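Visitor: Feature table excerpt (Swiss-Prot):
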type	residues	note
SIGNAL	1-17	signal peptide
TOPO_DOM	18-234	topological domain 'Extracellular'
DISULFID	Cys145-Cys159	disulfide bond
CARBOHYD	Asn158	N-linked glycosylation site
TRANSMEM	235-259	transmembrane segment
TRANSMEM	268-286	transmembrane segment
TRANSMEM	302-323	transmembrane segment
TOPO_DOM	324-468	topological domain 'Cytoplasmic'
MOD_RES	Tyr381	phosphotyrosine
TRANSMEM	469-488	transmembrane segment
Amino acid sequence: MDTVLLLVSLCISAAFCNNEEERLLNDLMKNYNKNLRPVEKDGDIISVSIKLTLTNLISLNEKEEALTTNVWVEMQWKDYRLSWDPNDYHGISMMRIPSTSVWLPDVGLENNVDGTFDIALYTNTLVSSDGSMYWLPPAIYRSSCPVVVTYFPFDWQNCSIVFQSQTYSANEIELLLTVDEQTIEWIEIDPEAFTENGEWAIKHMPAKRIINHRLPRDDVNYQQIVFYLIIQRKPLFYIINIIVPCVLISFVSILVYFLPAKAGGQKCTVSINILLAQTVFLFLVAQKIPETSTSVPLIVKYLTFLMVVTITIVANAVIVLNISLRTPNTHSMSSTVRELCLRTVPRLLRMHLRPTDAAPPLAPLMRRSSSLGLMMKADEYMLRKPRSQLMFEKQKERDGLMKVVLDKIGRGMENNTSDDLVHSLNHAAPEIRTCVEACCHIASATREKNDFKSENEEWILMGRVIDRVCFLVMCFVFFLGTIGTFLAGHFNQAPAHPFPGDSKLYQPST
């Protein structure tokens with residue numbers, strides 16, 4: 001029985017309270033016009049306090065220069081028409097009234113990029129008995145954010161979210177930052193709902209009330225509430241997916257210097273393939289950054305630098321190939337160039353080159369060439385010689401003629417000089433004069449061939465020396481440019497204070 005009485009009393013109380021809220025709402029809305037500014041006199045100014053709570057930094061589209069954020073916009077003001085005495089309404093001190101039924105300050109996002117000035121959801125408005133209004137609607141804003149791409153992808157950006165009244169001037173409403181024990185001059189972050197962005201790290205979140213004194217007070221642009229988001233990019237994605245592969249591919253282009261000097265075609269093929277790969281990386285970066293001519297991104301500078309290095313390597317390969325294929329018939333090497341490129345520079349670079357004037361290594365080649373030539377000339381001599389002479393060669397030996405000839409040749413060989421040998425052969429017998437002339441021709445041709453080949457090898461060695469010098473220069477330039485690029489990006493950090501010259505941190509005091 002007691003339980004039944006308790007339930008009945010609770011139901012009656014709830015019904016009574018609902019009736020009181022309904023009566024209060026009817027009394028408040030009676031003769032209420034939501035289109036009129038809630039002022040008692042024409043000269044009164046309504047103070048509207050604004051606070052921004054960030055729940056998610058969704059993205060920053062560099063191409064469109066648009067910042068997308070998920071926020072809660074808190075607005076507070078007073079409406080004297082919506083005040084009551086709680087004692088008259090069973091102690092009710094707060095009411096929830098649909099925001100579409102009351103006057104709202106027409107404060108919207110000024111720097112939007114999609115034409116949406118309004119909030120996303122019209123939530124209820126909390127109304128206190130003294131007429132204080134509290135409205136906390138959620139919104140997803142796409143605000144304009146001019147992107148500075150000078151140090152991309154090691155950059156930081158200063159984006160702003162600007163609020164101002166669309167129709168009311170400063171003589172009608174006054175925009176202020178919310179005051180709660182102290183003026184909240186920053187963007188609040190809800191620790192329970194906030195989701196960290198994977199690409200951007202928030203460094204500073206200051207807020208300011210901007211007054212443009214160059215405009216009159218009755219201008220709607222006279223006052224603004226600006227919330228700043230100073231964010232630093234996390235460059236790991238671009239380092240792993242663009243910079244590191246590009247550096248490795250470009251380093252391969254330097255390794256073409258280890259190919260032989262005469263392999264110029266293979267050098268050019270490898271370098272041009274690497275150049276095409278670098279062009280693809282440059283195209284990928286161009287799709288990410290805005291189309292601006294005010295500045296060149298750091299990564300574009302670096303990719304252009306690598307392309308210049310690769311093109312230089314291709315040009316060097318063509319020049320070295322031209323030098324390596326030179327012959328004494330078309331070019332002659334001066335003594336100064338020979339001394340510089342084949343002696344001085346290799347000695348400084350500690351290159352182990354065969355001395356150009358070393359005769360012993362050529363001796364086996366000369367002997368092989370001479371033997372081969374003599375055999376060919378001997379075969380030709382046997383074909384041209386009459387058969388009657390071949391039939392009586394043994395008879396000449398019996399007559400002692402061959403013995404005399406061999407003695408004279410032997411005396412020339414004992415002197416161990418080619419001139420004495422030729423002189424002995426000339427006086428040996430008239431029959432072998434033709435053979436002597438053939439031998440002289442073979443020896444002269446062999447010397448010319450060896451000299452030709454030796455000078456041809458000098459051009460090849462010169463190409464090797466140029467390759468080594470260019471390899472060292474390109475390595476130095478490559479590493480210097482790479483280190484300089486990364487250092488420039490490393491030192492481009494967001495400032496310690498949000499505004500230059502202002503030591504205030506614009507954050508909650510701890």
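A Cβ is built for glycine as well, from the same backbone N, Cα and C atoms used for every other residue.
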Visitor: Six or more residues out from either end of the transmembrane segment (302-323), which same-chain residues have a Cβ under 8 Å from its Cβ atoms?
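Guide: Long-range Cβ neighbours of the transmembrane segment (302-323): 243, 246-247, 250, 253-254, 256-257, 261-262, 264-265, 267-268, 271-272, 274-275, 278-279, 281-282, 285, 459, 462-463, 466-467, 470, 474, 477-478, 481-482, 485.
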Visitor: Tell me, how many other CB atoms lie within 10 A of the CB of Cys145 (disulfide bond), whichever protein chain they belong to?
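Guide: Around the Cβ of Cys145 (disulfide bond), 23 other Cβ atoms lie within 10 Å.
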Visitor: Given Cys145 (disulfide bond) and Asn158 (N-linked glycosylation site), what distance in Å do their CA atoms have, once rounded to a whole number?
Guide: 8
Visitor: With Cβ-Cβ distance below 8 Å and at least 6 positions apart along the chain, what are the contacts of Asn158 (N-linked glycosylation site)? List them in sequence order.
Guide: Tyr228, Leu229, Ile230
Visitor: Which secondary structure state does DSSP assign to Cys145 (disulfide bond), in the simple three-class scheme?
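Guide: In three-state terms, Cys145 (disulfide bond) counts as coil.
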Visitor: Restricting attention to the topological domain 'Cytoplasmic' (324-468), give the mean pLDDT.
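Guide: Here the predicted model's pLDDT, averaged over the topological domain 'Cytoplasmic' (324-468), is 60.
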Visitor: Return one of helix, strand or coil for Asn158 (N-linked glycosylation site), based on DSSP.
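Guide: In the DSSP reduction, Asn158 (N-linked glycosylation site) maps to strand.
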Visitor: Determine the Cβ neighbour count for Cys159 (disulfide bond): the number of other Cβ atoms within 10 Å of its Cβ.
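Guide: Counting Cβ neighbours of Cys159 (disulfide bond) within 10 Å gives 22.
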